[in-house]
Amino acid sequence: MQSWSRVYCSLVKRGHFSRISHGLQGVSVVPLRTYADQPIDADVTVIGSGPGGYVAAIKAAQLGFKTVCVEKNETLGGTCLNVGCIPSKALLNNSHFYHLAHGKDFASRGIEMSEVRLNLEKMMEQKSNAVKALTGGIAHLFKQNKVVHVNGYGKITGKNQVTATKADGSTQVIDTKNILIATGSEVTPFPGITIDEDTIVSSTGALSLKKVPEKLVVIGAGVIGVELGSVWQRLGADVTAVEFLGHVGGVGIDMEISKNFQRILQKQGFKFKLNTKVTGATKKSDGKIDVSIEAASGGKAEVITCDVLLVCIGRRPFTQNLGLEELGIELDTRGRIPVNTRFQTKIPNIYAIGDVVAGPMLAHKAEDEGIICVEGMAGGAVHIDYNCVPSVIYTHPEVAWVGKSEEQLKEEGIEYKVGKFPFAANSRAKTNADTDGMVKILGQKSTDRVLGAHILGPGAGEMVNEAALALEYGASCEDIARVCHAHPTLSEAFREANLAASFGKSINF
């Protein structure tokens, strides 16, 4: 009977039996756990299919590596495509159209409408369709590039092995030469406040509210806070953002741009309480929430009552249960995985990119790291200049920047010059009746080299890429000023700001 026991256990492990009716006399019962019949052999195994992970997997396959991508969620694309960048941009775009139609903007353009009605369900449907199309697109790209997709929770179970645990408890083992961790990040919890994604929500819940709240309080006036706050403010909510810092827009934004940005948002109806901290939140019997706040430095307490509380205090690396401790890979004080310039951990064939390593938590930063990392695996050069990674806030007007801010240049003791140009003096902005904001260029005083570009205005998120290219190739302000820009375009404001920085005077202002 002992030999039967061994055979039975082996068959159960391989998934051939889930149970044997009435048992076998003398055979001990073993827990059900099924395994794939054969491990998968791979050159590169990527854990995570967000912007960094899926791009890295495709690039690895294109370079000739046998590639596997392990993803714990049912759909590919990670936070960005499913509950982040993509759905938020759909809502930002559509809420902006509604705001224009519902307010006085359309009437001022000669477009008169008898009734404008919000169909929130339809708006959410359009958002979901965009997400579905893009996540499905990644699945198609995986097939096209012969990337093997394994759906399951990936854990590193050896320096050359990843085990994916599927929803049904079965596992798939991947024997691999290289491992790339691209597991992204998760919402940072607020101490003492429990997120239920109903009335106390994270960014995920804020993307799927069933109705427009009468009053919305946002904890945090960084990028995510002002974007999602703008969505619901445009759709009719009374929105107040409570920010611990003394400015809006988060880390890295130029202070002059931030002040102008805040002024424009306030003109739209967005309210801010800066230098203020949230000390707690209590749900009342009527379903509303009392949010307790006070000055960041301490002081008199105040209570704001709202229908929905949105917590936007940042994100933290997602590294739990990856098997790092067992491998001796220690995290830094901020929970990130330490890597060298080739994105290698202390174990040379295990790499990490994106939100789990140092640097800004941006999708495009993760994409760049993913491509460069696998090129390095193939023997290529590995280089990325984080000073050339742009940041964008997709409100209206948009805010975008790349390179150094004035505050950073002052802190580093670098002598610089400034060139500015307002969109109010730009012909295309005038014809569009969309003139809020400006372009601000920072150039090195001694060399004229572009050190930073800060844009507040329509199309800023597109325009900043011209600035990123200039920084990447070491262009001077004069170089940009002498490039012919099409007329009439918003990008002429970028040229004019560089004219002002290089020659001390723009043409049209």
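Backbone N, Cα and C define each Cβ position, glycine as well.
For the NAD(+) site that Swiss-Prot gives as Gly220, Ala221, Gly222, Val223, Ile224, Gly225, Val226, Glu227, Val278, Gly314, the extra residue drawn from Glu243, Glu294, Glu326 is Glu243. Within 10 Å of the Cβ of Cys85 (disulfide bond) there are 20 other Cβ atoms, across all protein chains. Long-range C-beta contacts of Gly77 (FAD binding site), restricted to its own chain and to partners at least six residues apart, with a cutoff below 8 Å, comprise Ser49, Gly50, Pro51, Tyr54, Ile86, Val131, Leu134, Thr135, Ile138. Within the set of recorded positions Glu71, Glu74, Glu243, Asp355, His487, the entry lying nearest in space to Lys420 (N6-acetyllysine) is His487 (CA atoms). Cα separation, His487 (active site, proton acceptor) to Lys132 (N6-acetyllysine), rounded: 37 Å. Ranked by Cβ neighbours within 10 A across all protein chains shown, the modified residues Lys122, Lys420 are led by Lys420.
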